[in-house]
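Working notes for the structure below.
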Amino acid sequence: MTDTIPWHSLSPQDALVKLSTSEHGLAQLQATRRRDEIGPNKLPQTQRRSLAMRFLQQFNNVLIYVLLGAATITAFMQHWVDTSVILAVVLINGVIGFLQEGKAERAMDAIRLMLAPSALVIRDGKRAKVSAEDLVPGDIIIIEAGDRIPADIRLLQASNFQVQEAILTGESLPVDKTGHASAPGATLGDRAGMAYSGTLATKGHAIGLVVATGAKTEIGRISGMLADVEQLTTPLIRHTAQFARWLTAVILSISGLILLYGAIFTNQDLSELFMAVVGLSVAAIPEGLPAVLTITLAVGVKAMANRNAIIRRLPAIETIGSVSTICTDKTGTLTRNEMMVARVVTAHKVIRIAGRGYAPEGEITDEAGAPLTQPSPCLKELAHAAALCNDASLHLDGNDWTVLGDPMEGALLAFAQKLGLDTDALQSQWPREAIIPFDSAHRYMAVQNAYIPATSQVFVKGAPERVLDLCAAQLSDTGEEEPLNTAYWLTEIEQIASHGERVLALALKRNHQADEGLSEAHLDGQLIFIGLVGLMDPPRSEVIKAISDCHSAGIQIKMITGDHAKTAVAIARNIGLTNNDKVLTGADLDRLGDEDLRQRIQDCHVFARTSPEHKLRLVMALQDQGMSVAMTGDGVNDAPALKRADAGIAMGQKGSEAAKEAAEVVLADDNFATIVAAVIQGRTVYDNIKKVISWTLPTNGGEALTIIVALLLGLALPVTPVQILWINLITAATLGLALAFEPTEPGTMKKSPRPRDEPLLTRSLGWHIVFVSSLFITGVFGVYSYALSSGYPIEQARTLAMNTLVIMEVFHLLFIRNQYTSALSWAALKATPIVWATILVTLTAQALITYAAPLQTIFETRALPISDLVLILLIGMTLFACVEAEKRIRLWFVDRRYK
Ligand code: ATP
């Protein structure tokens, strides 16, 4: 029945009555009951692909089409063994792809859950953070700039509030929302008193009444809009898939040519020749590659999520591994964001405050350490302003005090309580009438609170230089007004900041006319400066190691903060981010031209008093210098810089929805060390992709060349086509797959970042393919001719050659795992359990085909004596020695990047 109510035309009061609620919100019990009745605030799920469809899609791939074509032809020729082996290859690939894709989808779902939005709600008169799914009509919610509106709401209060409604109206410019009722017939875009689910708050602050949730919201009615299913792919994977298709075309052409050549210039049996060509095609096509690469990605995404880095867009997994500069916020990312007021400076006194966390207990002393018995009127006024110009609340959670809201504001509340103020009582005695919310562009927050009827007081807190600018006088210790001593305050600000503390100023305006409203014009030159507060925010201990890891990996770190330059430098030095005092402020950045900025940006690592627009400029300047930039952000205004950066990283805890949506990566714990963990994981994924390719292509190349050489030279094939098919069947699903799960190599963070545009198929990879393929042919032909010359029957010689080929693949796998360090150490050889498991499966399969009678009949194999097994092992070891020696020589002389 509430569906048809024109909420936008009702007054806030009427809307509250209709939903049987009040400004103090619903009672928790009431909210739970309503949720049970109407269900969660969530949009209906979009249709998923059915299981059958997902399975069939595994075969929708040119590589597989070729194999299916080959199977059909062999079936026509009644080569049933070949047909069934080819079909088995296709099927096994399909099943593995299907199972792994299912796993990957589940991992992505879990990630989506981790990103589920929350809402700040008032229930039982108290603020609480709840999952957006738990909202019900009648809830009162608080919206800040950067929030995505979680349900359709009737605005009860709106300060400077703007919303971007493009998702509903197509209008990309934000519109003002005043909270006023509009005519019943007003269109969606003209309803100033409403904000709709899914739209984005871009500015200001509002309090709203939830009037519709889930499918009942405006967005819920537009079905099918949200059907965005993310594909498990990245540019790199797409290029590789393209490359594989291209390779298939080349292979088919070569096969055709060979068939022609064989038919015209040699007198081989045409049907045998044809089978050899089918074997060649199957051998050369890297049919398992796309599936294995997708799995490598999925494994990486999951590993990152386990380390609290949530990948929102898959290509980021590649870019994050290549970053050469990380631009990071300070508060909460490098520091713990557990604030405590440590020092207060008034016009004539410095006071120190002791304590632990947000507990409202702690000794207050003067500068000499003597306890302060009676707070001065000025100090009381300061605590008063700190408690009222405040949106946070403190809660006792077991034995610990926690903050709901901004930790800095929580610290101010704790400080006011340490001075004996009952902050809850104060807030209800002085009801708030208006607010200018904090914004990192103007760097202060102002509130207007009712005092005696018709007059109000305004309290301001903010960055000290900004607040000083707005003041005309200061408060003496006895609470009298006296002339402003700007020079004194500037010295004190520097003094506090040099201890690495965040500095905040508090000011007030007496006798403000309540009906005048509140804007900057009402503050300018009319405020009285009360004093300064110094807040401690200790650095995160794990950050120091993460920074040093970055430095040894050739990654620069830039701290970009809204804080004071001195505070920023003190903290940057403390955590080893810089060893000098160089700092550029937002004002410096505004002065510098692009060329000057490019020159200064290289050796300056601290940027202070910046606003979000500066972040964008810094990203662009760094990118101009060829850097791959990761940039962190939390506010709505950070979105452009996050989008522009090569890897935009948003804070999961304190970040706004707007920032999260603009970012590619979200940090669940807001921690800088997590960014570094993501970089390591990103490098690992890239390395593993490279390893998969470096292992697969020479393997296919070696197998294909074996057939080509034999055909061209008119020799009997050392390995029959059906044996090649068998090898593909056994190794592609085992050995190749193992590389997707490779852990991070020890040297990963010792090499410089790879260049932004480095192609995957580098010259060194090309060389590796040629080199290893040649070793494969040498090994196979070598052992084959040895066997023939020793008088082995051809079947036994072929069995020996086939086993040699497999063992060489195994040794090649053991080699490929270690790109940066020797593959010969015990640690390297111990490998991962997955590697050994796949080797075991492969060897068992080989033992079966070599010694089991039924398989011997099908694949024309013969048992091998122990001495031959030893020989095969020696050949494998020789291949290993050759590639390892080549790597060492390359590492020494050519490719110093890996050192
Ligand atoms: P960082 O980039 O290191 O995370 P920040 O983003 O927290 O820093 P801003 O939020 O832009 O930096 O804050 C800049 C300055 O504005 C702070 O040093 C402080 O003086 C002031 N400030 C921050 N939050 C508030 C607030 N809620 N109310 C009033 N002033 C604030």
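Glycine too: its Cβ is placed from the backbone N, Cα and C atoms.
On a predicted model such as this, the values are computed, not experimentally measured, just so you know.
Now, the feature entries from TrEMBL:
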type	residues	note
DOMAIN	6-79	domain 'Cation-transporting P-type ATPase N-terminal'
TRANSMEM	59-77	transmembrane segment
TRANSMEM	83-99	transmembrane segment
TRANSMEM	246-267	transmembrane segment
TRANSMEM	273-299	transmembrane segment
TRANSMEM	700-719	transmembrane segment
TRANSMEM	725-744	transmembrane segment
TRANSMEM	765-787	transmembrane segment
TRANSMEM	799-816	transmembrane segment
TRANSMEM	828-851	transmembrane segment
TRANSMEM	863-883	transmembrane segment
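Here the domain 'Cation-transporting P-type ATPase N-terminal' (6-79) has, by DSSP, the following mix of helix, strand and coil residues: 43 helix, 1 strand, 30 coil.
Here the transmembrane segment (83-99) sits against the transmembrane segment (273-299); at least 3 CB pairs are under 8 Å, leaving out pairs fewer than 6 apart in sequence. If one looks beyond the transmembrane segment (273-299) by at least 6 residues along the same chain, the residues whose Cβ comes under 8 Å of a Cβ in the stretch are 58, 61, 63-64, 66-67, 70, 73-74, 77, 79, 82, 86, 89-90, 93, 96-97, 100-101, 103-104, 107, 232-234, 237, 240-241, 244, 247-248, 251-252, 254-255, 258-259, 262-263, 266, 314, 317, 685, 688-689, 692-693, 696-697, 700-701, 703-704, 706-708, 710-711, 717, 720-722, 724-725, 727-728, 732-733, 736-737, 739-741. Packing against the transmembrane segment (863-883) from elsewhere in the chain are residues 771-772, 775-776, 779, 782-783, 796, 799-800, 803-804, 807-808, 810-812, 814-815, 823, 850-851, 856: each is 6 or more residues past its ends and has a CB under 8 Å from a CB in it. Mean pLDDT for the domain 'Cation-transporting P-type ATPase N-terminal' (6-79) in this predicted model: 87.
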